[in-house]
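For reference, Swiss-Prot has these:
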ACT_SITE  ASP292  active site, proton acceptor
BINDING   CYS35, CYS39, CYS42  [4Fe-4S] cluster 1 binding site
BINDING   TYR41, GLY84, SER140, ARG152  S-adenosyl-L-methionine binding site
BINDING   CYS270, CYS276, CYS291, CYS344  [4Fe-4S] cluster 2 binding site
BINDING   CYS331, CYS334, CYS340, CYS357  [4Fe-4S] cluster 3 binding site
DOMAIN    18-249  domain 'Radical SAM core'
Amino acid sequence: MLNIAALRQQQIPLAAEPRSPVPFHILMKPIGPACNLACRYCYYPQDETPVNKMDDARLEQFIRRYIAAQPAGAREINFVWQGGEPLLAGLSFYKKALALQARYAPDGVTISNSLQTNGTLINDAWCRLFREHGFIIGLSLEGNEALQDYHRPDKRGRSTWSAALRGIDLLHQHQVDFNLLVVVHNEMAAHAAAIYDRLVSLGARYLQFQPLMSEGAALREGYQLSADNWGRFMVGIWRQWRKRCDRGRVFVINIEQAWAQYFTHTSGSCVHSARCGSNLVMEPDGQLYACDHLINAEHRLGRLDEQTLAAAVDASVQLPFGQQKSLRRECQTCSVKMVCQGGCPAHLNAAGNNRLCGGYYRFFSDILAPLRPFSRDLNGLKAWRAAFVGTAAYCVAPYPDDIPL
């Protein structure tokens, strides 16, 4: 009689999982939309999506097949856990996941884990797990206490600022690497410098600013983000980061990724890649989708147990939303196309234009100013580093600070 458990322990595949010819990631939502907060702008509200927790059998199937389907030669495999609030899955869930990763990881391949949380449930036990296994934590936070408590209350409408800061303090105490993620909406546009200063005062070394997605609860609550306000806010962050000479101390992902993309011609973000579709999303029941912000029938790829992952990735990258994102007419002559690439398809309006286009143009135009004299290759990168990195030159370069925000 076939001993399934023994085969798994020996890493003998139950069925051949073909490798994907292209690199891909799957953002895993083990608890679906379940969350202990009631953010007013949530793009993934619980009342629109059934709440389930991934069972152990599907967790094992996902980890085994996700590892097996990576392209030949992959040296690192990253698992990304998100929600809702993924910590609601429980400590034991992630211990099982880590054990399965160790069981199925081939020799010489590094397994890494990233997790996005609101921070309010973090305790010492979680931090010990994160530290021991090298988790990279993303912590979602508003720019200050007043914004946090209004826009990100708990289920009873109560303040969450102190609980989130307690989570940040614990991450510091346990020396867990983390970044702070801020969702930007119109109300924040005039307060970029103050928000930046407050985040840095919390000891954050990595910051990421994400434009509001006009979907889910955000639509019902009337949240908006205009192109003007997106550009105004991000230029404000850029100016404050430069004014404080924080390069090397504070890593603003929006800036650093664009700078790297200018020289390397590749993006670390699907939003600013020439094509997208290789960052899939999986719900607790095994449903796969082509994009975290396009959870609908048009972008549904089927269930995990209905197909190979290579087939799902191939179907995803062939969808028009990812193939055509940087091919719109207005992008072809744009001076910042090399780092924008049309932005996220989820921000397209009814006319097929990116609602944030003008904001991206303003922000990228400003931050690319110090790079323009250098060639877009490794030699240019070396020359730019020699001229700017490790000096105060980028703090005082002739940028348009006299132009009002």
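Using N, Cα and C of the backbone, Cβ positions are placed for all residues, glycine too.
Recorded features from Swiss-Prot, shown on the structure.
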residue	record	DSSP (3 states)
CYS35	[4Fe-4S] cluster 1 binding site	coil
TYR41	S-adenosyl-L-methionine binding site	coil
GLY84	S-adenosyl-L-methionine binding site	coil
SER140	S-adenosyl-L-methionine binding site	strand
CYS291	[4Fe-4S] cluster 2 binding site	coil
CYS340	[4Fe-4S] cluster 3 binding site	helix
CYS357	[4Fe-4S] cluster 3 binding site	helix
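For the pair CYS276 ([4Fe-4S] cluster 2 binding site) and GLY84 (S-adenosyl-L-methionine binding site), the C-alpha distance works out to 23 angstrom. Comparing local CB density within 10 A for the binding-site residues CYS276, CYS331, CYS334, CYS357, the maximum falls on CYS276. For the S-adenosyl-L-methionine site, the Cβ centre of TYR41, GLY84, SER140, ARG152 serves as reference, and the other residues of the chain with Cβ at most 8 Å from it are CYS35, LEU37, CYS39, CYS42, ASN118, VAL183. The separation of GLY84 (S-adenosyl-L-methionine binding site) from CYS291 ([4Fe-4S] cluster 2 binding site), Cα to Cα, is 16 Å. Taking the C-alpha atom of CYS42 ([4Fe-4S] cluster 1 binding site) as reference, the shortest distance to any of the binding-site residues CYS334, CYS344, CYS357 belongs to CYS344.
With a 10 A radius on its CB, CYS344 ([4Fe-4S] cluster 2 binding site) counts 23 other CB atoms from all the protein chains. The local packing around CYS35 ([4Fe-4S] cluster 1 binding site), expressed as other Cβ atoms within 10 Å of its Cβ over all shown chains, amounts to 22.
Counting only same-chain residues six or more apart in sequence, the Cβ atoms lying under 8 angstroms from the Cβ of CYS270 ([4Fe-4S] cluster 2 binding site) belong to CYS276, SER278, ASN279, CYS344. Take the CB of GLY84 (S-adenosyl-L-methionine binding site) and look out to 10 A: across all protein chains shown you find 26 other CB atoms. Sitting within 8 Å of the Cβ centre of CYS270, CYS276, CYS291, CYS344, and not among those site residues for [4Fe-4S] cluster 2, are the Cβ atoms of VAL271, SER273, GLY277, ASN279, ASP292, HIS293, PHE321, GLY322, LYS325, PRO345, ALA346.
Taking Cα separation as the measure, ARG152 (S-adenosyl-L-methionine binding site) is nearest to CYS357 of the binding-site residues CYS331, CYS334, CYS340, CYS357. Listed in chain order, the residues near the [4Fe-4S] cluster 3 site other than CYS331, CYS334, CYS340, CYS357 are ARG328, GLU330, VAL336, LYS337, GLN341, GLY342, GLY343, ASN354, TYR360, TYR361, each with its Cβ within 8 Å of the site Cβ centroid.
Sequence-distant contacts of SER140 (S-adenosyl-L-methionine binding site), defined by Cβ-Cβ distance under 8 angstroms and a gap of at least six in the same chain, are GLN116, THR117, ASN118, GLY119, ARG152, LEU180, LEU181, VAL182, VAL183. When pLDDT values are averaged over the domain 'Radical SAM core' (18-249), the model yields 94. Taking a C-beta cut-off of under 8 angstroms and a sequence separation of 6 or more, TYR41 (S-adenosyl-L-methionine binding site) has the following same-chain neighbours: HIS151, VAL183, HIS185, LEU212, GLY216, ALA217, ALA218, GLU221, TYR223.
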